[in-house]
Amino acid sequence: MKEVSAGGVVYRRREGSVEILLIEDRYSRWTLPKGKKEPDETIKETALREILEETGVRGRVESPLETIQYTYFDPDRKDVFKTVHYFLVRAESDEVTPQWAEITSADWFPFREAWKLQCREGYDNNRSVLDNAYRRLGLSVEDSDSIPSQEGVFSMNHASLASMIDHTLLKPGTTSEQIDKLCREAVEHRFAAVCINPDWVARAAERLKGTGVKVATVVGFPLGATTREVKAFETRQAIQNGASEIDMVMNIDALKSGDLDYFRQDIEEVVQAAEKAPVKVILETGLLNQEEIRVASEKAKAAGAHFVKTSTGFGQGGATEEAVRLMRETVGPDMGVKASGGIRDRETADKMVAAGANRIGASASVAIVTGGKGTGSY
């Protein structure tokens, strides 16, 4: 199966500087606007239409930038060979009006900030596209902390890694003071989210209002053995209380029993109940063999989930490089992978990112970003 898409690096000049238009997709990654080519369109027409539809910004193509190609797995279409044509596009309107059905948000960023955001929370295959655009525009990011080394490896500083971490507290016996401390730490270190039990969602949402830190909570936790109706109810209630992300435990029993229809429906009902909120599906990889990890990841993607996640932190084993790598290979570049369970230091977190994770779940988050080593569990 072949697929052709087009998009662009959209820029505008403001007060003597250049700003870049980025979108946040449903997998919580910042990327470039793009979309599939319609039968009667030219590639340039596709790029401009997709930019307009996703962001509300009109533009004019200045020059082609780069064509990238990759293969990803789609559960319905199997291996899909995708070609994406990128153009340098000058904005002819400024107001951004994201199309919420397709993306989470969109905004203009100073070009250095856009580069850093793309490096730490974007897709690897977009970096050369953005670099090419910057060269065309005469821009330099040599003072950025996210520039590739001579070996071509991008290094992350603590702030970049922090933006990928869900600061987690799920253990029983948690107090309100501990939740408040968790929220303060998340704001101080600029973590992506806090991940807490459902009874603390409203409190955390109030503490984190306006900070940019998201509130994630768990559903069907930690066994995944509640009915799908109960999981859907938990999800709706969590969203009403202020949750912005849902980490659900998949039905492990259904997977092990080979009831893949029920397995998929279990996830679909949570995705539907969550509406626009990203859903992460916890696989509990320590209980699964490689084939089960692959099948679970495929079904989670087919059900519309936004991430697959390794572990609850309460089960057998935790995140491993092998499991993360297999999950990433299975879901491809357009879905999130969250590594969680037993990640207590920077070295382990870096290994998970290198294996393909773009989100980390940890209770030892502060130790990870300050060079220490955490103890205990969720």
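The backbone N, Cα and C atoms fix where each Cβ goes, glycine too.
In the three-state DSSP scheme, Asp247 (active site, proton donor/acceptor) falls into the strand class. Non-local contacts of Asp247 (active site, proton donor/acceptor) by the CB criterion (under 8 A, 6+ apart in sequence, same chain) comprise Cys195, Ala216, Thr217, Val218, Val219, Phe221, Val279, Lys280, Ile282, Lys309, Lys338, Gly361. Sequence annotations record features per position, and here TrEMBL assigns active site, proton donor/acceptor to Asp247 (among others).
Under the heading active site, schiff-base intermediate with acetaldehyde, TrEMBL lists Lys309. A 10 Å cutoff on Cβ-Cβ distances gives Lys309 (active site, schiff-base intermediate with acetaldehyde) a total of 31 other Cβ atoms nearby, all chains included.
The active site, proton donor/acceptor feature in TrEMBL is assigned to Lys338 (among others).
Annotation comment: TrEMBL describes 1-132 as domain 'Nudix hydrolase'. The domain 'Nudix hydrolase' (1-132): residue composition by secondary structure is 33 helix, 65 strand, 34 coil, according to DSSP.
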